[in-house]
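S.K.: Before anything else, here's the structure in question.
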Amino acid sequence: MPSAHAFDMRITSDIYKPDQHLPMETMKVCAVTMTEDLQEDDGSSDESDNDEREDHSKTGVSQQRITQNAKFKALLAQRADTGPIHDVSVTHDLPDAQLSTAHLVAKQDLGIGTLDPREYQLELFERAKVQNTIAVLDTGSGKTLIAVLLLKHTLEKELNDRMEGKPHRIAFFLVDSVTLAYQQAAVLRNNLDQSVGHFFGAMGTDLWSKSVWDQHFQKNMVIVCTAEILNQCLLNSYIKMSQINILIFDEAHHTKKDHPYARIIRDSYLEEVYSKRPRIFGMTASPIDTKGDIVDEATRLEKLLDSRIATTSNMSLLRQVARRPVERVWSFNKLEQPFATSLYKHLEDRFGDMACLEGIFRFAWQASSELGRWCSDRAWARALADDVLPKLEGSVRKTANSETSSNVPESAYKEILRITEASEIVKSYAFSSPETFGQLSPKVQVLREELARYFGRQTETKCIVFTQKRYTALILAELFQTLNIPFLRPGVLIGVRSGDLAGMNITFRQQFISLVKFRTGEINCLFATSVAEEGLDIPDCNLVVRFDLYQTLIQYVQSRGRARHFNSTYASMVERGNLEHEQRLLEVQDAEMMQSFCRTLPEDRLLYGFDHDLDTVLQKDEGNRTFRIKSTGAKLTYHSATAILARYASSLQYEKEFSAQVTYVVLPINGAFVCEVILPEKSPIRGLTGSPAMKKSIAKRSAAFDTCLLLRKNKLLDDHFNSIYHRRLPAMRNAKLAITSKRTSQYDMISKPSLWGRKQGMPPKELHGTFITFLPSMQLSHEPAPLLLFTRERLPHFPEFPIFLDDDVETTIITTPLEKQLLLSEKEVDALTVFTLRVFRDVFHKTYDKEPEKMAYWLAPAKVQSSYLPSYDPRQILDWESLTYVRDNDSIPFSTNADPESWVDLFVFDAWDGRCRFFTVGVEHSLTPSSPPPPFVARRRHMNDVMNYCLSLSKNSRAKFLSTCHWDQPVLRAELVRLRRNLLDKMTDTERDVETRCFICIEPLKVSAIPASTAFSCLAFPAIISRIDAYLISLQGCESLNFTVKLDLALEAFTKDSDNTDEHRAQQIHVQRGMGRNYERLEFLGDCFLKMATSIALFTQNPDDDEFDYHVNRMCLICNKNLFNAAVDKEIYKYIRSRGFSRHTWYPEGLKLLQGKDHSRKATTESKHALAEKTIADVCEALIGAALLSGGPDHRFDMAVKAVTTLVNSPSHKAERWKDYISFYTIPKYQRRAADGAELYLSRKIEEKLSYRFRYPTLLGSAFTHPSYPSAWAKVPCYQRLEFLGDSLIDMVCVEDLFARFPDRDPQWLTEHKMAMVSNKFLGALAVKLGLHTHLKYFSAPLQSQITQYAEEIQTAEGESEGAVDYWTVTKDPPKCLPDMVEAYVGAVFVDSDFNFEVIERFFRDYIKPFFEDMAIYDTFANKHPTTFLHNRLTNEFGCVNYCLKAGEMPSIDGAPAGVLAAVIVHDVVIAEGTATSGRYAKVKASEKALAVLDEISSAEFQRKFRCDCRESGDSARLDIGTAI
């Protein structure tokens, strides 16, 4: 399904790339315009060039675009120069709350200061230079500085090696948490000269390509990252172990089991030849963090890290740095057994059965003993606070989703109500004061007393209280806030964990802010969990309290290391008489002996032994297969396979599909387990079933491993095991934009139809007549006489078309081809020829040589009659009297004896000036020839009197004429004929401003023998013959393709009337006036049919392909590039009408011009036109649309099917008519199979609901089978193939309906409203309305939940809608499977009915159209899209037309994937920007920000701020804001 908010993919994206330049052609147009405007009309030419000037009147729009493009390019360059976040100087003046995490770290100046290593650090440093070493030092003793020393040494050696031409190598500093990545990177940056990068998973590193990583490796010599990132880089062969010079493991004691530290060693380090392995340096406060044999565990760690444990031999030096605190034991009396408080009892009685509260009950129960009554009760207040309730409700829903009972939704709803009830009970509960006796446990009482001793007075004490549980830390912090010890300022520092309930969510940023406050003294008592023990740079404090005793040596050493001040105290809280607590103290003493043992090791003593060899390290993975790509070295393992598949799945998530993840179905079989891997719907490989294994986990990993191999075999994973789709899929989806939509090339253009050139060479003996009548919409100044157009071949019946006479009176031109021929004598041919040439001379100031053998057509007067039938004899219609009179009289001679009134209602012309043509109106008795003309008349060179005003002779001829002319002749009122030739369009303002009233004398002029009414009609002939030419050329184009298309549709399909016709709502540039409808609506219709036709063809001709293959193959067929190539091959560009009326080319060709301006040279230049490749492709789609509306011999789609085959020019679409599709379809086995009982039952139920009986119920079963349903259980294929087909069928039936109902709406409107009809949102609602959702077969708990919740919501919305049909627009989006199954059902019905489209139309009429009878209610549906909404607000609310939305690609910044910058520019001011990984989402962000800006200002402020005068200028046209894509 296309996204509901996605604009048509064919619309130009207007994406700027950094290396593009402004089009020089546009600049040249501006220059030409300026030059022409400076030229003066000398008055001597026979015709003016007003039309050309008019063509350039829109150049201001082009200039605006140039300015906007330049503005955006400058902005793009500026943004592309932005450096990475750690290179930007930190704004120290901003409060911490406004700073990013990276800036918070930088602001604290971690690691700043001189590097001053102590002797013990130098000792370990020297050891680490020559051998792999694990440094065991107390927390706070400066292990990181040893690492810095080692890095400096390693980097110095690396720089020397690089200078000698050796391969580049990189240092890696590995950490175990995101927080440490920030901290250690800050330390290294402040102590190393070389660039340091730091990365962690939340940055999206798993989706980075090798090229991105190569940029980072090139840029940085040291990389700090979490261990899993390096592990994946090594497995994907983004980097090889031999390219690393040192591996530093922070908190190296984590190297065990399947920790990424251990996997890096096992899977990559030990696989490398010994000589190419990097140096290893591990750091830890204790080499072990578990209970057990200390020496054995230490030895195992050495083996895993291929290193030697070492520590300082001079403890006095260490003591100076890492001061040991005074260790104290704070004893407390034996705790009570856990008990139920009154609040606990009350809640347990009412809500004790609720699973979502189980953890809180458990904590409150234990807290009653460990913390006391008050703390136990306060846990409920925190757990059921208002901000936590939504999370608990979500937990209830999640639990309900995992059930299969049909009453789950109701029970879940009740559970949520019970949670709310519990919250209200807690809110109304009267909590006792913690000061009350018995409210606090003995343990908390001791802590309170001791802290009161430290903080009861002004003090510099800083304290950390360590707890085992996060909730304990939170409750204790709340308690001590309440107790109000005078100088105690409590705070909390707990770890980051996703999915927490009870308000315990905390971010890395909040951790840093707590540390910053602790450092500055704003907090002086931190209640912390283990997150404060390990590695974090917590400033020295003088009191550390173990509220909960440590569990391991490492916890003890690390927490003790936090007490670094001189005379600091480390207090352990121990229960009196608790043997376990006492035993733990003894264990720590034994572990301390281990550290002493480490320190006494001789320098050459190795703890390698023979009982821990490499075989034991690798033994765990024995039997697990691996696969290595030789070219890159990338390695596939059982562990990495699942991660690779997860990455592959996420690369397919281009829309909001919930299921862009891998599904693993593990089933028992013959005492073993087999796993089926099901990949997301968009994957071309659906998955596979793995080999049997004895464990579920091994079966899952084995199947994932085999799936990776299958994807690799099908070239869906690259040489680094990355999905190819982060590059390929967008390119395929954007195939419609894979050609240039802006750049144009010159192509040949036919300016005259070939029909005019046929049968020439001799005078005609017979001609075919076409009767031309004028039907004005209102009274005209002159009654137009009908005309006859005679041609050598019979003309087709042309559609009626309008022209605009007088003051834009719309007049319909009706052409009627006569059936009978006109047989002619030589004299009659001569009469026709003379009349036609006389029209050219008298009316248009062109005198041609009389050559009837070269003439293409003849014009003749017709007898005036209301109408003529085609069967009439042309000889009876022709006005022979007028024809003979014109032949015998060159003009009507002037006579002084004539009655003055006899000169009225004649056509008069100046023989020497083509601009002067008049219709006489009446005698003006108030003027004489010597009178000055009235001041309002049009200006001419001589204005001294009427006689001179009419005279165009040269100086000498003028004097001679004036000396002999008759100064007593009458002066006539006359109407000056405008120089307007393009009557196909209304007048321009310039043409309208021409003054047509004038006064003339007859003697200086010539009176035409052509009757005035006929001359008036002949003035329209250039427009009429131009339109006839266009019809004939379009017909010729269709005939060249062997299409039978209606003439009006053919011309519409070939008509491009502006430079940017395809930008429907944009202000059109260089508009060609009077061309009629352009191709855009037909292109919209044809595009839809093309999609449907190719979908059907692929479905029928490729039964074994899956949906992905169909999508890719269809895109290759319908993409603009393919259409363009086919069009060029068939020379379709010749027939495209890209120019409107031309006063240069409407004249007949081949005649010899004797007098008048020769336009032949200009006509030659107009035989070429500039077309964009996309325009040519769009015309192909328009031709398909025209063929569709023209029908066919057997089926109304026949001609359109033939057009598709011709224009896609591919073996994948071979049908010549509609019924060919059926003949190509081979019924698959599953469809022919006899239906079982369940399938028959489903068929009957659907027939009851939708009134269609399936001949093949198995088709219906396939339509309702979700891709998640395991193939082992399914008897039919999933619905994807049918959904692909049905999607195009629904598109077609909806578009046809809108196209027919709204003939005057532009494609943008049609697209926006089609979006509502075919949107996932509507089709999902329709699925529930029709009750289809209950029949879907799937295997997914989240899917069940989503369907249930959505069905309840949409049914509730319908019930509350009071009959409103648009109730579905206000609900959340449905699960994608629901619209998919509707589309699949439509596809199944289509196939089952033998491709009967009428069945689809019936489904549309019965179930879809009732929702869309009134399309006005969906006007805002598309407008909710930010880009459309912004367009509407700027144009309608603010009246602005000078704005645009530009988007352009930016180079990669700080190694991130290449981004796209979008900007909204209003009157050359950038008002909003947005960046994203695609143009679509960048435009959305920019539009949203721009809307926020507009929300803050009024219309008056807008005009003042942006100097917008669009409303005042009255320019109602609209500029291109760009599209949503």
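Glycine is no exception: its Cβ is also placed from the backbone N, Cα and C atoms.
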S.K.: Do you know which of Cys1440, Cys1444 Swiss-Prot groups with His1467, Cys1508, Cys1510 in the Zn(2+) site?
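M.R.: Among the candidates, Swiss-Prot records only Cys1440 at this Zn(2+) site.
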S.K.: Just to be sure I read the record right: Asp1380, Glu1383 are listed as binding Mg(2+) in Swiss-Prot. Which of Glu1283, Glu1296, Glu1312, Glu1473 is listed for the same site?
M.R.: Glu1283
S.K.: Ranking 124-305, 881-1009, 1032-1192, 1243-1394 by Cβ pairs under 8 Å to the domain 'Dicer dsRNA-binding fold' (641-731), which is first?
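M.R.: When the Cβ pairs under 8 Å are tallied, 1243-1394 comes out ahead.
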S.K.: Rank the binding-site residues Lys143, His1467 by the number of other Cβ atoms within 10 Å of each Cβ, and give the residue at the low end.
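M.R.: Each of the binding-site residues Lys143, His1467 was scored by Cβ atoms within 10 Å; lowest is His1467.
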S.K.: Look up Leu137 (ATP binding site) in the DSSP assignment and reduce it to helix, strand or coil.
M.R.: coil
S.K.: Do you know the DSSP helix, strand and coil residue counts for the motif 'DEAH box' (250-253)?
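M.R.: Within the motif 'DEAH box' (250-253) the tally stands at 2 helix, 1 strand, 1 coil.
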S.K.: Summarise the domain 'PAZ' (881-1009) by DSSP state, stating how many residues are helix, strand and coil.
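M.R.: Within the domain 'PAZ' (881-1009) the tally stands at 31 helix, 24 strand, 74 coil.
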S.K.: Rounded to a whole angstrom, what is the C-alpha distance between Cys1510 (Zn(2+) binding site) and Leu137 (ATP binding site)?
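M.R.: One finds 74 Å between the Cα atoms of these residues.
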S.K.: Please report the DSSP secondary structure of Cys1440 (Zn(2+) binding site), reduced to three states.
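M.R.: It is coil.
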S.K.: Quick check on the binding-site residues Glu1283, Asp1380, Glu1383: which one has the highest count of other Cβ atoms within 10 Å of its Cβ?
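M.R.: Output for this query is Asp1380.
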S.K.: Pop the Cα-Cα gap between Leu137 (ATP binding site) and Cys1508 (Zn(2+) binding site) into the table, whole Å please.
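M.R.: Each residue's Cα considered, Cys1508 (Zn(2+) binding site) and Leu137 (ATP binding site) end up 70 Å apart.
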S.K.: Mean pLDDT over the domain 'Helicase ATP-binding' (124-305): what is the value?
M.R.: 85
S.K.: Can you tell me how many other Cβ atoms are located within 10 Å of the Cβ belonging to Gly142 (ATP binding site)?
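M.R.: The answer is 21 other Cβ atoms.
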S.K.: Measuring CA to CA, name the entry from the recorded positions Glu1283, Lys1376, Asp1380, Glu1383, His1467 that ends up nearest Lys143 (ATP binding site).
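M.R.: Closest by Cα distance to Lys143 (ATP binding site) among the recorded positions Glu1283, Lys1376, Asp1380, Glu1383, His1467: Lys1376.
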S.K.: Rounded to the nearest angstrom, how far is the Cα of Lys1376 (site 'Important for activity') from the Cα of Leu137 (ATP binding site)?
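M.R.: Pair distance, Cα basis, whole Å: 56 Å.
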